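S.K.: Dropping a structure here in C-alpha cells format, bear with me for questions.
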C-alpha cells in the first residue's frame with residue numbers, strides 16, 4: 001500500500017474510533033465521574049476548576065459532559081414556564097392513614113406510606129424531565145465506615161427512573177470508593193477542608209452546601225436533598241418526597257409534645273425556641289427542596305451558627321437546632337414521616353409500614369475525632 005493509501009486508511013480508523021466513542025458516552029452505558037479539588041467554588045462562575053475522568057461501569061449513567069449547556073438552557077426555560085407542583089388532591093389522600101398526622105395546621109402534607117400515588121407522580125415528573133441532586137458529606141473515618149454502603153443503597157433506591165446527580169464531599173479524594181452506577185446517575189466529588197471538631201464539621205456543611213448551590217448546583221438540578229452519610233436506603237425514596245421545602249420528622253420525637261422536644265432553650269442562642277412554641281422536631285439527617293429554598297435554609301442556619309459563635313455559645317444540637325428554628329419561622333411545604341428515616345433501636349412501631357431509610361449504628365468512638 002502506498003503512502004497516500006496508508007494516510008487515508010489511518011484517517012478512516014481514527015474517524016471510526018471517534019464516532020464509536022461519541023456514541024458510547026452519549027448512551028446510557030457511558031458513565032462519567034467528576035472529581036474536583038477546588039475547596040471553595042467560585043460563586044457566580046459556571047466554570048468549575050477541576051477535572052473529570054471516564055469511569056467505565058457496566059451499568060453506567062448517561063454522559064452529562066456534553067450536555068451541560070443544553071441542561072442549563074432547559075432549566076432556565078423551565079423556570080420561565082413557571083410550572084407549579086401537581087395539585088395535592090391528584091396524588092395525596094390523607095384519609096388513607098387516619099391513625100397518624102397526615103396534614104399540618106398550615107395544610108402541608110405529611111407523607112406516609114399509603115397516602116400517595118407514586119405512579120401519578122412519576123408520570124408527572126417524567127414529563128418534566130427533572131434532575132434531582134443529593135449532597136452527602138464523609139470526612140475522616142466516616143468514609144470507610146459509611147460512604148460506600150450509603151452510595152450503593154442510594155444508587156438502588158433514590159429517585160429510581162429519574163436523572164440524579166450525587167454531590168459527594170470528602171476530605172480525601174484518594175479514599176473515595178468506586179461505585180457501579182445505575183442508569184441516569186452521575187457523581188461529582190469535591191474535596192473539602194476537614195475540621196478538628198465533629199461539631200464544626202456538622203455545622204460547616206451548611207456553608208459548603210450554600211456555596212455549591214450558588215456556584216453550580218442551582219443550574220444543574222430541579223430539586224436537592226441533603227443527607228447524613230451514616231444511614232442506608234432500604235426501600236424506594238421517590239418523587240413523593242419532592243417539594244419546595246421538605247423537612248424530615250425525627251423518629252424518636254414524632255409522637256412527643258413540643259415542650260418535650262430537645263429544642264435549644266437558651267435565649268442567648270440564635271436557635272432559641274421557647275417552651276409553648278413549636279410544631280414538630282425535625283431531623284437534620286434529611287432536608288431538601290428546590291435549590292433556591294435549600295440555599296435559603298443553609299444560609300439562614302449558617303447565619304445563626306455565626307451569630308452563636310460571636311456570642312460564645314453553641315446550640316445544643318448544632319446545625320439541627322438551627323434547622324428547627326428555621327422551620328418554625330418558615331414552615332416546610334412537605335414533611336416526611338419517620339418511615340423515611342427510622343432508627344431500629346426504637347423497635348418497630350405499628351405506624352411504620354415500610355422503612356425507606358434506616359439509621360446506621362452510631363459508632364462515635366470510632367469515627368469522631370472528639371467525643
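Glycine residues also receive a Cβ, built from the backbone N, Cα and C atoms like all the rest.
Straight from Swiss-Prot, here's the annotation block:
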| type | residues | note |
| --- | --- | --- |
| ACT_SITE | 320 | active site, nucleophile |
| BINDING | 137-142, 228-230, 250-253, 262, 362-368 | substrate binding site |
| BINDING | 228, 230 | Mn(2+) binding site |
| TOPO_DOM | 1-6 | topological domain 'Cytoplasmic' |
| TOPO_DOM | 23-371 | topological domain 'Lumenal' |
| TRANSMEM | 7-22 | transmembrane segment |
S.K.: Hey, what's the Cβ neighbour count for residue 228 (substrate binding site) at 10 Å?
M.R.: 21
S.K.: Give me the count of other Cβ atoms within 10 A of the Cβ belonging to residue 253 (substrate binding site).
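M.R.: Taking every protein chain into account, the count is 17.
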S.K.: Using a 10 Å radius around its CB, how many other CB atoms surround residue 137 (substrate binding site)?
M.R.: 23
S.K.: Need the DSSP three-state call for residue 253 (substrate binding site) to compare against my parser.
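M.R.: Coil, per DSSP.
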S.K.: Give the number of CB atoms, excluding that of residue 320 (active site, nucleophile) itself, located within 10 Å of its CB.
M.R.: 24
S.K.: Fill in the CA-CA distance, residue 230 (Mn(2+) binding site) to residue 137 (substrate binding site), as an integer in Å.
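M.R.: Just about 10 Å between their Cα atoms.
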S.K.: What's the CA to CA span in angstrom from residue 137 (substrate binding site) over to the residue listed as 'active site, nucleophile'?
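M.R.: Approximately 15 Å lies between the Cα of residue 137 (substrate binding site) and that of the residue listed as 'active site, nucleophile'.
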S.K.: Tell me which of the binding-site residues 140, 230, 250 sits in the most Cβ-dense spot, judged by other Cβ atoms within 10 Å.
M.R.: 250
S.K.: Mean pLDDT for the topological domain 'Lumenal' (23-371), as a whole number?
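M.R.: Mean per-residue confidence for the topological domain 'Lumenal' (23-371): 83 out of 100.
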S.K.: Tell me whether residue 320 (active site, nucleophile) sits in a helix, a strand or coil according to DSSP.
M.R.: helix
S.K.: Sorry to bug you, but what's the C-alpha spacing from residue 250 (substrate binding site) to residue 320 (active site, nucleophile), rounded to the closest Å?
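M.R.: Here the two Cα atoms lie 11 Å apart.
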